[in-house]
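Sequence annotations record features per position, and here TrEMBL assigns region 'Disordered' to B:1-55. The compositional bias 'Acidic residues' annotation in TrEMBL covers B:10-26. Among the features that TrEMBL reports, compositional bias 'Pro residues' is placed at B:35-50. Taken from TrEMBL, the feature domain 'WDR5-like beta-propeller' covers B:64-354. Here TrEMBL flags B:65-106, B:107-148, B:149-190, B:191-232, B:234-275, B:295-320, B:321-351 as repeat 'WD'.
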Amino acid sequence: MNESLINPFTLSHPTAVQTSLFAGALFAKFDPTGRFIASGRLNGSAEIWDLETRAPIRWLDGHVKAITSIDWSRNSRYLLTSSKDWNVIIWDLSSTYDPPQRQKSLRFDVPVVSASFHPKNSQIVLVLLATGEAYVCDSRKQHRTRTELLEPLPDEVEEDEENAGHGTQRAGMTVARFDPSGKNIFVGTDNGYLLVFNTRTKIMIGRHKISGAGIMKGFDFTRSGRRLVTNSSDRTLRQFILPTYPSLPVDADLHNPPSFLDVELEPTHRFNDPINRTAWHAMCYSPDGDWLAGGAADPAGHKIYIWDISNDGAFASALDGGREPLTYLHWHPSRSSFASTTNQGSILIWHCPNPERWGAFAGGFEEVDENVEYEEREDEFDIEDEAVQFERKMKAEEEEVDIDTVVTGTQAAVVSKGTHSGNMGGAATPIGTGNGHTMDLDKLGSGMDEIIDIETSWAEEEPDLDIPGGWKMKVIMESSEDY
Amino acid sequence: MDPLAGMDDSSTDDDTSSQTTEDDPQVPENQVSQPPIPVVPPPVAVPAPGPTQREKPHYALRHTLRGHTMSISAVKFSPDGKLLASCGAEKMVKIWSPETGEFLRNLNGHTQGLSDISWSSDSVYLASASDDTTIRIWDVETGLTHKVLKGHTKWVFCLNYNQASNLLVSGGCDGDVRIWNTAKGKCIRTLHAHMDYVTAVHFNRDASLIVSCALDGLIRIWNTSNGQCLKTIAEGHDAICQHVQFSPNSKYILSTAHDSTIRLWDYQTTRCLKIYKGHVNTKYCISACFSVTGGKWIVAGSEDHKTYIWDLQTREIVQILEGHTDIVVAVATHPQQNMIATGSIDSDLAIRIWVDPIPRT
């Protein structure tokens, strides 16, 4: 509602740097509400910046070595940091103490490459270790487990894999991510395979060869979970439309797994830098899935390439962010904005600059693009009876006005579902949480989410305390020395 | 083409409305026909048969809080409802308990009189705007100043926290609107908003917009994040607006003006939806409030020493509170209970607390 006042013409991708935060960061990620940005530092501390005041508000000190990844829970209450010091720490940001309290620590015996929350329950965490192993750690009382995700090797039962005679080695896992629904875990390996595991049972349900890829380096999903873009060591970004995986029966067992989908996946589009063949540090879809931004690993400058997916993947523009090379890129969850991190630690926030409308300073002034020929109405200069005018005014004022109901996040998404064609990532910003389903090229994904199935109900058993609107970031006033 | 030639009575009801004011509203075609004399119409939603009365409030005086020695300028309830703060030409903020009516403490520190106060959402901090050009953020429990915000060049007239309480917006008599980072106490942005005293500033629910009004007669809406002006609403020539605020769902703006009218605007279409009349307001800056704890009312003070309560939808006066002996400048409504606090000036330096004992519908 406020967006229509602010953005009369919505350009769908950012074009200029709005502000620069000197954060000393290795990388920075927005939270799901879009109000904060979390950054990880080389010395092991994490910082949370408030975008409204553009100042840091929380400092999370718990690690002793560099932070390797950060993840926010779905309503931004919990923050997860993983580090080279073998630990994953989960922080509760609703705590009123400063420094914030740790909710939990997960300890491993090798450096942790990445970690992320399950999209529906922050008590389920996916962890990828430097040895190429991936674990799903579930800390709910009924399901307390730490399970390794293992690719089943041919002609073998699980227990025999230790046998020295077999030469088949499992490929090391290099990327691991939940898909947006949380039902599946996608893992990339160092030999160019994409493995898909079912989260609930940890059974592998798909294995896809991606020819020419080399080592898989990164994934990003569209919000509906139907499309995936991969970054790999051959310096090419590939977009895939994911196949539908058969749903597993309730009693599917890890030791007697049903067969998995073993097909090679063909990308719909390949994105690369044809001139310089630069590699990519990070890539990100826009919230509506219509744009793809790729942060180039260009050592001489800060370059972000944007492709228009809705226009068949055509190259849209290359943004220049100055002389400090880029290290990371993250798109804002609801606005047309992204945050790119430079190797000097600065976080650049990009936006679509809105030129100031000077007509707004005059009441009743409407700016138009072209001259409008004014046509007088028939009754333009009729002299109306005062009483009739007054009566009409009183009649109009009888209409009921609702000053109370607030259109919240999910309701706003329902509103936006109806206006499919016009929704380009700027309109219908939900008030509060950014949990609305946004549009995608095919609507199958969002339709499937409505069905409560075994996978979702398994994930939502023993829900965590991350309720939308159920917590507040306390404003911690800096202590003043003068009084 | 002689405009006077065809003076037949065929003016249809769906005239296109003009941009600015409320004079030519767009009338929907399927409106139930009502006589111009304001009788009590049965509301559409209520299914009861026969002549139904809309409910009326029955506020009665509960406490009279005496203690101020100079004119009161503002009263505000804390968001948790446990405290009432008041300020005035005396240089201190007074904290009272609205339940018992007792005085709790003074917040001392300003060197000149105060014009406005605002509570943070956790009811722990209070910000006050003073004629000494500073804003102080107080820790209410201890009574100590936490921060002094300097930057305005003239008297600070009005201020408000946002819902998240990380931002403060203030308006000064130099025409500037300033946005402050409360955690650090620094000014983030200055908007040269008006040409005259800025009399009211308010954030909307998600703090993306700020509405401001000034004695130059304009109401302006600003984008918080980049400080751009989004819209200007100008009332009639004599209707100098002196107080504005967003409705609880931030879709509408309530403005009080010096032509003794209160207007409810839809700022998206710049249409005035409701007009409330009956009180007197031609000189002083008197605030108005929404009351949503019981029935939906508009509450405002008046220069005839009374406090008026209107029904939001029908715009009728449903109750008049008498008791003050001077102009009622400050009004506040309790966030959870049916309670109103009113403050007066000069000869009557009392704050009166009125309670409607009928439980919420």
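Every residue number used here counts from 1 along the chain in the order it is shown.
Backbone N, Cα and C atoms are what each Cβ position is placed from, and that goes for glycine too.
Under DSSP, residues within the repeat 'WD' (B:295-320) fall into helix, strand and coil as 0 helix, 14 strand, 12 coil. Helix, strand and coil counts from DSSP across the repeat 'WD' (B:107-148) read 0 helix, 24 strand, 18 coil. Residue counts for the repeat 'WD' (B:149-190) by DSSP state, with H, G and I taken as helix and E and B as strand, are 0 helix, 25 strand, 17 coil. Per-class residue totals from DSSP over the repeat 'WD' (B:321-351), listed helix then strand then coil: 0 helix, 15 strand, 16 coil. Per-class residue totals from DSSP over the repeat 'WD' (B:65-106), listed helix then strand then coil: 0 helix, 21 strand, 21 coil. Summed and averaged per residue, pLDDT over the repeat 'WD' (B:191-232) gives 91.
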